Amino acid sequence: MDRAAVARVGAVASASVCAVVAGVVLAQYIFTLKRKTGRKTKIIEMMPEFQKSSVRIKNPTRVEEIICGLIKGGAAKLQIITDFDMTLSRFSYNGKRCPTCHNIIDNCKLVTDECRRKLLQLKEQYYAIEVDPVLTVEEKFPYMVEWYTKSHGLLIEQGIPKAKLKEIVADSDVMLKEGYENFFGKLQQHGIPVFIFSAGIGDVLEEVIRQAGVYHSNVKVVSNFMDFDENGVLKGFKGELIHVFNKHDGALKNTDYFSQLKDNSNIILLGDSQGDLRMADGVANVEHILKIGYLNDRVDELLEKYMDSYDIVLVKEESLEVVNSILQKTL
């Protein structure tokens, strides 16, 4: 065989090998592509808000299924059940702690320095118990009652006038989370019921969202409301105490509200504590519930517990963009 013939045979053989290799590579690519596009976490992966390092999900498949259920149900089936302090409001801004509803009153100029010192001592004593990763909710329960009862007693002694609440809130450093206008606006636009369940001070909470322009008719607030005397001076608090770990009882007391929403069987629950997980206990017919938890403090100690109990955990996250992205697809 002459050299030209040998060269032709070699070229054909080489081409055949290349074709085989190319075919294998192409098959592998197609298989990989199909596997990627066929994964159940497709919706989550397509949402850029879920790609941030602050978003932690233990079971993406379960979250995907719940979100698909929410999307399928649409506006007709949806309701929102949410905490307020450090959930809808910010935990911090530019490295500085933002106030809770109680802190807004504690820090106002109508409270004496002596009272403020005592309130701070109570916070230092009991907050450590509230976020202790070892103690059970049942063990924390009586300490929370002590804390709230003592704090409310001190505030009553100050004789806070109702007429000053608007000014007190306006002068405070309270801030709602980034994206709050979109959150409240879209929910109002579609008539979605919003149940704000707070262990804070209801009068202050309502004034915060009123001044932010988002206290719409679809929003219901359940909280610790002040009781004023005939002169408009604080004399006590109405009803039974709501604290961070008895929201289960409060939820059951609001079954009349939830029974009116029997068709709203899909729930997005927002909270920042283990106690907030019980806020939907008064809902009888739950089809899909997505629990989103903000982990603001002691992340290393509490992350595992939050990952076990919340579907989505948002670590040191000061925005509502994750829930807003879900609402965008659902409504």
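Using the three backbone atoms N, Cα and C, a Cβ is placed for every residue, glycine included.
Among the features that Swiss-Prot reports, active site, nucleophile is placed at D83, with the record citing experimental evidence. On its own chain, D83 (active site, nucleophile) has I196, F197, S198, L270, G271, D272, S273, D276, M279 as residues at least 6 apart in sequence with a Cβ closer than 8 Å to its own Cβ.
What Swiss-Prot lists as active site, proton donor is D85, and the listing cites experimental evidence. The DSSP secondary structure for D85 (active site, proton donor) is coil. Neighbour list (D85 (active site, proton donor), Cβ cut-off 8 Å, at least 6 residues apart, same chain): T100, C101, S198, A199, G200, D272.
Under the heading Mg(2+) binding site, Swiss-Prot lists D83, D85, D272. According to DSSP, D272 (Mg(2+) binding site) is assigned to coil rather than to any helix or strand.
When secondary structure is read from DSSP and collapsed to three states, S151 (N(7)-methyl-GMP binding site) falls in the helix class. Within 10 Å of the Cβ of S151 (N(7)-methyl-GMP binding site) there are 19 other Cβ atoms, across all protein chains. Per Swiss-Prot, N(7)-methyl-GMP binding site is recorded for E130, S151.
Per Swiss-Prot, the feature CMP binding site maps to E130; the stated evidence is similarity to another entry. Cβ-based neighbour count (10 Å, all protein chains) for E130 (N(7)-methyl-GMP binding site) stands at 19. In the three-state DSSP scheme, E130 (N(7)-methyl-GMP binding site) is classed as helix.
Among the features that Swiss-Prot reports, substrate binding site is placed at S198, A199, G200, K247.
According to Swiss-Prot, the feature phosphoserine maps to S273, an assignment based on a large-scale study or a structure entry. Counting every protein chain shown, the number of other Cβ atoms lying within 10 Å of the Cβ of S273 (phosphoserine) is 23.
K247 (substrate binding site) counts 26 other C-beta atoms within 10 Å of its own C-beta, drawing on all protein chains shown. S198 (substrate binding site) has a Cβ environment of 28 other Cβ atoms inside 10 Å.
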